[in-house]
């Protein structure tokens, strides 16, 4: 479905992403992890068109999308959420999602957009009230809104960017289950960027680990978690962290 | 609710009836002025309400007026054809200025500065080509010849006809405002005004949406210029073009209320009546003092009523209704359909 080859992004003299290649198969959830500054968000921004790569190719369903503008990438079927929710506070919750439903699906019909918005809001568990304001939402609510906006664009591939930061443990589990449900019920393919390893490991099919802009490991969650390079780079040599990881796997 | 839904029709009927029962030329002249400028201010606010603060609309208005008059005097083209040409020209100029601004993310204060240059340039072109345009002395469309049709020349001597034309155009302006307000474009433009990247991530073509509203606004403003030209039969760079006209638009809309449909109209009524009253009361005793007082009053309005007079009034009413409403959120959707105030407390100036 998605085929990334030799992706490079330089900002001046700094190489944020250095020759990363990976594939995503239809219907799977790929976890993308790595410490802060490892290049996860940069890769995301290139996949969604916010940044254009310095070199390399991104093929989505066989077509090159590297350097294509964000709105046309959305319309080809790649939806995204932002690490820090970016709601439109001058619009109601419903209008936020209806906007995505309209413009994310080729701006055809307002009634279709409204239907898509109602569906997306119901799926993430937000009220379908047309006038409810964004200001009434807490951190978890804003994450849900962010997800609803991405879902309303009708994506085949969903890019979920660190969707769990700022949530408590219970909310994290709920959010993880939500992504799992979206994959199962809607048959959506998902790339999930996260730095909280535990919850992610429970849901994803495969994990890719980045460090300093390079891929250092890829594979099944259980295999990757045992990889000594991953343990060293990602968790440091802190034994408590290693134990936490082991607990999460169990 | 019935009171509310009848009100526009009753008000409309009263406004249409005015020239049939009331023929005094001076008040009619003031009302025509108010209607034409209300339309111009509404045209500005169509984009201004989304944080696209243009200081270049004087330029668009000047193009509407001058292109129409020049085509009539030099080519003999009837305003019925000249006005569409002028509107096309204004639309094309809006594209030429807007596209690079939006494509390269020139927003906020920088956008205001670019558009400010636009009014300056149009003013300079008018004064530089004084052999054709009369320069800063102004320009007069030629009267139609005795045998020719006044309708073809779009020149009417009676104020009643002009009043009805101006009223119709003003009402059309409000209708366009409401069409935009009810369209999906409003969602997109509100989103763009907050966060362009996030708007693009919902699939909005940011450049295209901004261009569309800018061209619409520019074309409407040019139409106001053409109308002004045909009514006044005299245009000068000071009255229909240039930076002062651009600023006049911004001030009036801010005074009236930028987020409400009738805000620009309220702004036009207040600023024109104020200017007229001051001009008459100061008279020739203290030339220039009327402008000073006018300026000070505008500053006070902007400081103490940042949502504009109409905007603030509607907010008070909205808050009262909120307070008396038993059902939570039972505000008749006033805020959501854009008739009332955006809860956003700050007036976006850039």
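Cβ from N, Cα, C; glycine included.
Caution: TrEMBL annotation is automatic and unverified by curators.
Summarising the annotation, TrEMBL assigns transmembrane segment to B:6-22 (among others).
Remote same-chain residues near the transmembrane segment (B:34-57) are listed as 97, 108, 111-119, 163, 166-167, 169-170, 172-174, 176-177, 180, 189-190, 192-193, 210, 213-214, 216-218, 220-221, 223-225, 227-228, 231, 243, 245-247, 249-250, 252-253, 256, 258-259, 261, 263-265, 267-269, 272-273, 348-350 (criterion: CB distance under 8 Å, separation of at least six residues from the stretch ends). According to TrEMBL, the feature transmembrane segment maps to B:34-57 (among others).
If you look up TrEMBL, you'll see B:77-98 (among others) marked as transmembrane segment.
Taking Cβ pairs closer than 8 Å, the transmembrane segment (B:110-129) reaches residues 52-59, 62-63, 66, 93, 97, 101, 135-136, 237, 241-243, 245-246, 350 in its own chain, all 6 or more past its ends. Residues or ranges marked as transmembrane segment by TrEMBL: B:110-129 (among others).
According to TrEMBL, the feature transmembrane segment maps to B:161-180 (among others). Sequence-distant contacts of the transmembrane segment (B:161-180) (same chain, at least 6 residues past either end, Cβ-Cβ under 8 Å): 12, 15-16, 18-19, 28, 31-32, 35-36, 38-39, 42-43, 45-46, 186, 213, 216, 220, 223-224, 227, 231, 261-262, 265.
What TrEMBL records for B:213-235 (among others) is transmembrane segment. Sequence-remote contacts of a segment are chain residues at least 6 beyond its ends whose Cβ falls under 8 Å from one of its Cβ atoms, and for the transmembrane segment (B:213-235) they are 32, 36-37, 39-40, 42-44, 46-48, 50, 52, 54, 57, 60-69, 79, 82-83, 86-87, 89-91, 93-95, 98, 102, 138-141, 143, 154-155, 162, 165-166, 169, 173, 176, 180, 185, 189, 241.
The transmembrane segment annotation in TrEMBL covers B:247-275 (among others).
Under the heading transmembrane segment, TrEMBL lists B:287-305 (among others). Taking Cβ pairs closer than 8 Å, the transmembrane segment (B:287-305) reaches residues 251, 254-255, 271, 274-275, 278-279, 281, 311-312 in its own chain, all 6 or more past its ends.
Among the features that TrEMBL reports, region 'Disordered' is placed at B:330-350.
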